[in-house]
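Visitor: Got a structure for you, written out below as structure tokens; questions coming shortly.
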Amino acid sequence: MNHLKTFFTNSTKTAGRITNGIYILLRIIVVIMLADQIWNQHWGNTMLLLLTLILFEIPYFLEKILKIQIPNMLEIILLSFIFSSTVLGELSDFYGYFSMWDTFLHAFSGFLAGGVGFSLVYLLNKNTKTMNLTPLLLAVVSFCFSMTVGVMWEFVEFSADKLLQFDMQKDTIVQQINSVELSKDGNTVYHVPVITRTIIESQNADGKTDKIIIQNGYLDVGIMDTMKDLFVNFIGAVVFSIFGYLYSRNDYQKFTFIKNFIPKKIKR
């Protein structure tokens, strides 16, 4: 019984009452959905929900391994972001219902990852005598960390699509393409300016030919979505890097909301 209680309530040791309440609520929702997906033998969704439960443990293990104290606001944002991305975005199809859902999450993840990168370097800079980074360098490292996280996440989406047959890299209907592959000599760019429709023929399990007609364009399978995600991630990273620079440039006396994103080193 104690193990079950720990499973549902085990957040960080420094989490407040509201943070613990949000953690418990989100975990209960995920467990209920997990039981439903197992019952209906939807194994792809089951794996995604198990991954969500594992990701919920990130704040706890970060505090335990790195000996830091994560601000309650940062922990709430991390948990909410994970839930919004996996449960709401993928399983509840918020990506389909709300066209800007994916864009918002990637922009916010760029901002959030920038905060994590800034806080890691900030802690090293503050607690190491041999390290003394300027505010500009802190901001640059924060930006680079955020962009690296964004690129790694696109690798995750690509792998999930290929290995688990998901559709995390969303398709886009485009009206024009430029391709060397379509040129006669295979060496010059062939321009297709106005695509009216695309016909896709495939063979089904019975050996028969299925035909899908895409009106008013060509189906781009992921590249437009990936580049859009990286671009909005870039915007989020730039925004936090600017705030981080101003925060450290003013001796941490202005833009103090940044403190909500900076863990504290636990004194032994």
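Note that Cβ sites are derived from N, Cα and C of the backbone, with glycine treated the same way.
Per TrEMBL, the features are:
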type: TRANSMEM; residues: 21-39; note: transmembrane segment
type: TRANSMEM; residues: 45-62; note: transmembrane segment
type: TRANSMEM; residues: 74-98; note: transmembrane segment
type: TRANSMEM; residues: 104-124; note: transmembrane segment
type: TRANSMEM; residues: 136-156; note: transmembrane segment
type: TRANSMEM; residues: 230-247; note: transmembrane segment
Visitor: The transmembrane segment (45-62): which same-chain residues, six or more beyond its ends, come within Cβ distance under 8 Å?
Guide: 10-12, 15, 23, 26-27, 30-31, 33-34, 37-38, 68, 70, 75, 78-79, 82-83, 86-87, 90-91, 164, 263
Visitor: For the transmembrane segment (104-124), could you work out the same-chain residues 6 or more beyond its ends whose Cβ comes under 8 Å from its Cβ atoms?
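Guide: For the transmembrane segment (104-124), the sequence-distant neighbours (Cβ-Cβ under 8 Å, at least 6 residues beyond its ends) are 68, 74, 77-78, 81, 84-85, 89, 131, 133, 138-139, 141-147, 149-150, 153, 228-230, 232-237, 239-241, 244, 248, 258, 261-263, 265.
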